[in-house]
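Input: a single structure, listed below in structure tokens.
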Amino acid sequence: MFLVGEALIGKEPEVAHIDLLIGDKNGPVGIAFANGLTQLSAGHTPLLSVIRPNLLAKPSTLIVPKVTVKNMEQAAIIFGPAQTAVAKAVADAVEEGVIPKERAEELVIIVSVFIHPDAKDYDAIYRYNYGATKLAIQRAMEGFPDVDKVLYEKERSVHPVMGYRVMRLWDPPYLQIAFDIVDLAEVKRVLSEIPESDHLLIEMGTPLVKMHGVQVVREVRRARPGSFVVLDLKTLDTGNLEVRLAADASADAVVISGLAPRKTIELAIKEAKKTGIYSIVDMLNVRDPVEVLRSLSVLPDVVELHRAIDMENSEHAWQSIPEIKSLGGKILVAVAGGIRVDNVRDALRAGADIIVVGRAITRSKDVRDMTEQFLSQLKKSEIDQYRIMTDF
């Protein structure tokens with residue numbers, strides 16, 4: 001048996017964060033238990049969990065402090081309320097049948113305990129660590145979370161230390177606002193007027209990038225933290241190098257021209273996968289986007305069917321969307337050029353996942369209102385808007 005459990009309960013500074021292992025005495029957890037008890041580390045000395053002095057918890061439990069213990073006051077917290085909480089939680093887990101009583105002598109538990117250096121309230125320390133330990137044991141014994149739960153939650157969750165959700169493109173459709181203006185002050189003004197939305201992407205257009213360089217991404221992040229930022233480089237050569245520049249600048253996605261040599265496109269897509277950002281192939285002026293995609297050994301994350309600003313009176317190429325999606329994978333299709341509020345639904349019905357809008361928003365007299373009009377056409381609620389969260 002090798003089981004892993006984790007739980008966080010309470011508020012700072014007494015907050016409890018428990019990581020634990022449960023396993024057989026004769027298995028890897030048992031070996032780690034023996035090593036931990038005999039190989040001591042200054043400030044992180046492990047101790048056996050006891051109900052009271054001379055009364056070990058069963059299964060035998062080793063407590064390991066996560067935070068360096070620097071003085072006797074901090075040591076007293078570990079040896080007092082934290083140790084008592086862990087021991088009681090283990091004993092109660094056995095009594096309640098969470099840990100089978102008949103296996104209490106066969107198993108060992110290693111519990112890693114976090115105690116904030118500013119924690120003072122013994123009662124809160126005890127209650128938080130008791131609850132967190134008991135919950136972590138239950139989760140370990142039940143195999144929580146399973147893989148399906150992790151996959152469901154991974155894009156919905158916000159880590160409290162991080163403070164915001166890092167967007168991924170898992171819940172289309174999205175509105176992508178493209179900035180083809182070059183005045184950085186004007187860009188920041190428009191950004192400040194755009195409403196918050198889980199379905200909104202920010203694109204730094206090619207003219208803006210040429211004027212200010214790839215570091216314009218960081219300017220956007222300072223003005224609008226947590227944004228999904230697309231860097232439109234329209235890469236035609238040195239695909240891997242330009243994608244790496246975009247990734248190093250903290251872009252979430254980079255645009256490669258579909259007119260580039262096949263090798264350049266493939267190198268760019270592979271570099272994007274390597275660095276963890278999205279690859280977008282822009283089919284601006286490409287006669288047969290499907291043919292280009294079929295010639296590639298690796299597909300991009302997004303294909304953009306792009307009608308140029310200078311060609312906005314010509315016909316859209318949305319009819320190729322189903323064929324593009326049939327090529328496999330989770331490929332998304334973005335449409336750009338001549339998108340207005342009154343034709344967004346047409347694009348979505350054609351299969352578009354991302355609606356790219358530029359001047360209709362960025363040069364609007366009322367940026368917020370115009371953005372909200374486009375967002376309303378997506379008919380998507382905010383992620384977990386109606387879920388009341390504790391932990392799950």
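Even glycines carry a Cβ here, placed using N, Cα and C.
Together with Asp19, Leu48, Lys66, Thr68, the substrate site in Swiss-Prot holds one more listed residue from Gln83, Gln138, which is Gln83. Close to Leu48 (substrate binding site) in the fold, though at least 6 residues off in sequence, lie Leu37, Leu56, Ser60, Thr61, Leu62, Ile63, each with a CB less than 8 Å from its CB. DSSP assigns His17 (active site, proton donor) to a strand. Counting only the Cα atoms, the space from Lys66 (substrate binding site) to His17 (active site, proton donor) is about 9 angstrom. Proximity of Thr68 (substrate binding site) to non-local residues of its own chain (separation of 6 or more, Cβ distance below 8 Å) is seen for Gly43, His44, given in sequence order.
Note on Asp19 (substrate binding site): other Cβ atoms within 10 Å of its Cβ, all shown chains, come to 18.
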